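Annotated in TrEMBL:
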| type | residues | note |
| --- | --- | --- |
| REGION | 1-38 | region 'Disordered' |
| TRANSMEM | 57-79 | transmembrane segment |
| TRANSMEM | 91-114 | transmembrane segment |
| TRANSMEM | 134-152 | transmembrane segment |
| TRANSMEM | 212-232 | transmembrane segment |
| TRANSMEM | 259-283 | transmembrane segment |
Amino acid sequence: MEGKEEDVRLGANKFSERQPIGTAAQSQDDKDYTEPPPAPLFEPSELTSWSFYRAGIAEFVATFLFLYISVLTVMGVLKDKTKCTTVGIQGIAWAFGGMIFALVYCTAGISGGHINPAVTFGLFLGRKLSLTRAIFYMVMQCLGAICGAGVVKGFMGKTRYGALGGGANSVNHGYTKGDGLGAEIVGTFVLVYTVFSATDAKRSARDSHVPILAPLPIGFAVFLVHLATIPITGTGINPARSLGAAIIFNKDKGWGGHWIFWVGPFIGAALAALYHVVVIRAIPFKSK
């Protein structure tokens, strides 16, 4: 008995009284933070790297899948006049947000999981990637979106696809182009601001006690923005998504006011990048 009591005594006092729990228990050391250098404007060496092209392929495939699932969901809702047997607006919002969550999770380690020229533009302004990579990503995203919308048209058939609007974005009746532009600016700001916050290494080091899975808040932001702005513009906040649907639909509805779905997201992304750099990054870092 004395031996057992000694083992218990030693075991109970083997560790200090205050033990970290949760994610803090993974490391006993303070989490140091070093400011990463800004990405160069031009990076010619990227053009000879396989990882550069692999990242572009990942963006193409992700945007292709994103348009395929999301636009097909829109088609499924619109084909029912009563909407009672469909997933409705909430289902459309979940399709967009859920796909972003899944695709960012899948591609974050390859390309960063942008899947959106506005996100790429915002991160470029934040000096997170070079101009070379930013342009390449945007091109691949737009090509993937066009192909994704094209596959949906193939499944639905030209006549039914055209009758249902092709998932193209437009400013809905009762709203002005100014309303649509404002909705796109604010919606994209919410998305890109969330991207910056969820992927900020400085925040991860400062708030190491807060476990976070970056794709989750990003996907949830997309879901919430869709709930708010589907009645106004059908929700763009992604120029590639709007372009892909407009090209495949190829009617006045898709092209009328199409500039809104480029100018709005790019302004929103620029504002989010500015806010992140000036306000969020200005918060002094204190290691735990």
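Count begins at 1; order follows the chain as displayed.
Glycine is no exception: its Cβ is also placed from the backbone N, Cα and C atoms.
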Taking the transmembrane segment (91-114) as the first stretch and the transmembrane segment (259-283) as the second, find out whether 3 or more Cβ pairs fall under 8 Å, excluding pairs closer than 6 in sequence.
no
If we skip the immediate neighbours and take only residues 6+ beyond the ends of the transmembrane segment (212-232), which ones have a Cβ under 8 Å from one of its Cβ atoms?
89-90, 92-94, 96-102, 104-105, 108, 113, 171-172, 175, 179-180, 183-184, 187, 190-191, 194-195, 197-199, 204
